Amino acid sequence: MGVDIRHNKDRKVRRKEPKSQDIYLRLLVKLYRFLARRTNSTFNQVVLKRLFMSRTNRPPLSLSRMIRKMKLPGREGKTAVVVGTITDDVRVQEVPKLKVCALRVSSRARSRILKAGGKILTFDQLALDSPKGCGTVLLSGPRKGREVYRHFGKAPGTPHSHTKPYVRSKGRKFERARGRRASRGYKN
């Protein structure tokens, strides 16, 4: 008897469809699957891939970040495309005229964009508007903005580590002595 082949690493782990059963998302997937196949544009392939992603991999994009990214040279008059949610940012005083396409736009962000004379498209409208993604800028929110990422990395307590430890309380007696002050062993 020979040693059999290990089949545990055969499967390529990647999404081929969204996990969600949302019928409207599924319709968009149908549309962009067609466009990705029939057009030779990478834009449609990227949008399709992002439609499959989980919520944590489609972080919300704030209005301020979008304005900042759209102010960069060569992006005037282009459509900002976000496969995710656009949220409002109260720190922004004036909103420029923007043309935006997103899966969702929060109510306050929506009213502010429209008030500034901007335009909000859905992805099916974008497919009619620019089927190859011409004149668009693909944007996404900060994926590592979630608090949980602060706990990842080098173990807390090791030299040069800025990783946040999981502590039940932030009091004086919790992870504040050895390794945090020179009088208690060492400080790093």
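Here, residue 1 is simply the first one shown, and the rest follow in order.
The backbone N, Cα and C atoms fix where each Cβ goes, and this holds for glycine too.
Per Swiss-Prot, the features are as follows:
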type	residues	note
COMPBIAS	161-171	compositional bias 'Basic residues'
COMPBIAS	178-188	compositional bias 'Basic residues'
CROSSLNK	LYS119	SUMO2 cross-link
CROSSLNK	LYS164	SUMO2 cross-link
MOD_RES	SER130	phosphoserine
MOD_RES	THR158	phosphothreonine
REGION	150-188	region 'Disordered'
Could you check the modified residues SER130, THR158 and say which one's CB has the most other CB atoms within 10 Å?
-> SER130
What does DSSP assign LYS119 (SUMO2 cross-link), in three states?
-> strand
Candidates LYS119, SER130, THR158 (recorded positions) - the one closest to LYS164 (SUMO2 cross-link) by CA | THR158
Could you tell me how many residues in the compositional bias 'Basic residues' (161-171) are helical, how many are strand and how many are coil under DSSP?
-> 0 helix, 0 strand, 11 coil
Measure from the Cβ of LYS164 (SUMO2 cross-link) and count the other Cβ atoms within 10 Å, all protein chains considered.
-> 14
Far apart in sequence but close in space: which same-chain residues, 6 or more away, have a Cβ under 8 Å from LYS119 (SUMO2 cross-link)?
-> LEU98, LYS99, VAL100, ILE113
Using C-alpha atoms only, work out the spacing between SER130 (phosphoserine) and the residue listed as 'phosphothreonine' and round it to an integer in Å.
-> 51
